[in-house]
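*Asks:* Okay, here's the structure, questions in a sec.
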Amino acid sequence: MKWFKNQKVIVKFIALSSVILIAAFFVLITWNLNVLKKVSMDRGMLEAQNTGQNYADENAKIVQNTVASLASMRSIFNDEVSQGDTDRQRMIRRLGNLLKENDAVSSIFTIWEPDAYGRDADFTADSLFAVNGGRMATLVIRFDDGNIMPVPFGDLDTFTAYDQAKATKRAVVMEPYNAPTEDGKSELLTMIVLPVLDQNERFLGIVGGAFLLDTFQQAAEQEHPLGGNVSLLSGGGLYIANGENPKEIGKSFVSSEKNKRLFEEVQKGKLAHEVAGPDGAAVIRSFKPIPIIDDQVWYVQTAIPKAEILTTYTNNRVESIVIGCLALLLLGLGIWFLARLIVINNIKRMVKALRFMADGDLTQTVPVQSRDEFGEMAGHLNEATAHLRKMLQQTSEIALTVSATSEELTGGAEQTSLAAQTISASMENVADGINEQNEEAAKAAGMMREMTESVRRVAATAEAVSESAEDVIGQTEQGDRVVQRAVGEMNAISLSMAESNEAMKRLSERSEEIGKLIGLISGISIQTNILSLNASVEAARAGEHGKGFAVVAAEIRKLAEQTKLAVGQVQAGIAEITTDTDHAAALIGNTALEVEKGLSSVTESGQLFASIMKEMKQVGVRAQEVSAEVEEMAEGTVRVAEAVRLVSGITMKSADETAQVAAASEQQLATMQEISSAAAHLSRLVQELTDQMAHFKV
């Protein structure tokens, strides 16, 4: 296969054409020889059939005419018996006349059932019928000298044909047998017996004749179709005539198992066979049935050697092969010449033009010398060369344009990369400030949680003071026995008020610290706003490549402004909490002084219970006021804590946005680097394309 691929077109074409032609001629010659063989076989078979048919037509008439005469005689006899006209001498004369008319018949006979022909008793003394007791049974014979004479029919008991005809009421054709002659020889005979039946199908007797079969042998010896021979077989398979070997006459054709199977197939209707002859050579045997009477048939066998049938085929086979080879050679030479003239020369012109094109010379064209497929191919090739030349020119112009564009793109990418680096650095500073702001907001939130807990404790203490004042008012009515208890309660109130005063001081200190943190957060938001403004300026410098950064910087500026507003709200809340805390501290201080006075009054005497009652009521009122103030303070701390949480959320969002801006800046920087690398690669490709185009001549 590799060798075939490396060969030229002419070699491939001749090789393939040779293979195809050889295969085609092989098939054609084989088919022609098969047809010739079939024609020879058909001709031989037809010759065998015609010979058998001619033999059958010529010889079957002898038997068929005699059978027809016997059938006519049987009808006459039957009519005479039915009319009572039974003249035996007339019957014998008729039998003699029939014998004279048929030379192939050696004798004619008739045998009747006792008294079936009538008046058997009248012929018991007649020498012709006495042997059978007057019964109608006579035999008319033709002797060797030609004389015809009736003789008694003796020994009826051994005449099986009579019994067979009586039993079947059908015609009987006996198998051939050798009968002795007057000179001591023998001759082959057969008998045909027809039953005589009345109108009621009652068996009356028979009429029949004995046929000499030597005429069939003489006719068979005259037939030699294509070097073959003709034979005649009885219905039982005995040779009546044998043109090949007369010694087989009277012998059985089916003596061998092979011939027995063959004869069975013939009886079933398969009349043509190919068998091996005595010498082993193939022989074609054709059989022709000869109807005798009713379903009784004989067979004409025509045997022709297959070699004789195929003589024409054998003689013409070598001649056909030689003629086919010469025709194949002439056709191959013609195809080679035409292929070289029509195909190869045109292909060479195309190859030459393609070689110029491969060398880069696009100025060459292929001359169009015809309007066939090669002419169209040359025209299309010229068009393709022109298009390619034009395309290369356009490609050269485009390469120059692309080269200039790639240089501009490289410069723009470098400027964009520098701007992206600046924006990324600014975003990192913003992120650091926001993270610091977020940490301070977290600290403020923690301090607010502590202050809320302190306010809750103050509220609980104020509520306890109010409840204690109410108990004192109720118990002063009991007199002196509860003075000591009142003293103890007053001591407890004094301690509680001291703790409340201390808690309020701590709350005031925490408020101041929160104020400082809020100031710090405000400073960070201001710095964030400034950084966002710087980022907007840098984005504006970047031009179209910085639009995304300008949007992100604007969002950061909005977040900084929101942070500033939230810080203002937190500062206002802290101021309110500080004012409320100072007011609550003043109230707690006043309450402590009053408690001290009440304690002094209680210890001095019980006479001051009335004034203590009055003062205690005032204490209760003041305690309620303190409780209310503390509740308001608690609400203020909650608002401050919510504001701090809001500030923390805003700072976290600002941190996320800043991280996104930084990531976008880094991504843009990476993209610009890729664009710069791609532009450099494109420039190299354009240079390579320019170098390659220099190879072409346009």
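Cβ from N, Cα, C; glycine included.
Per TrEMBL, the feature domain 'HAMP' maps to 341-393. Annotation source TrEMBL lists domain 'Methyl-accepting transducer' at 412-648. What TrEMBL records for 9-31, 321-343 is transmembrane segment.
Tell me about the setting of these features in this model.
*Replies:* Over the domain 'Methyl-accepting transducer' (412-648) the predicted model carries a mean pLDDT of 66.
Under 8 Å from some Cβ of the transmembrane segment (9-31) lie the Cβ atoms of residues 320-321, 324-325, 327-328, 331-332, 335-336, 339-340, 343-344, 347, all in the same chain and six or more residues away from its ends.
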*Asks:* Give the residue counts of the domain 'HAMP' (341-393) per reduced DSSP state, in the order helix, strand, coil.
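*Replies:* Helix (H, G, I), strand (E, B), coil: 39 helix, 1 strand, 13 coil.
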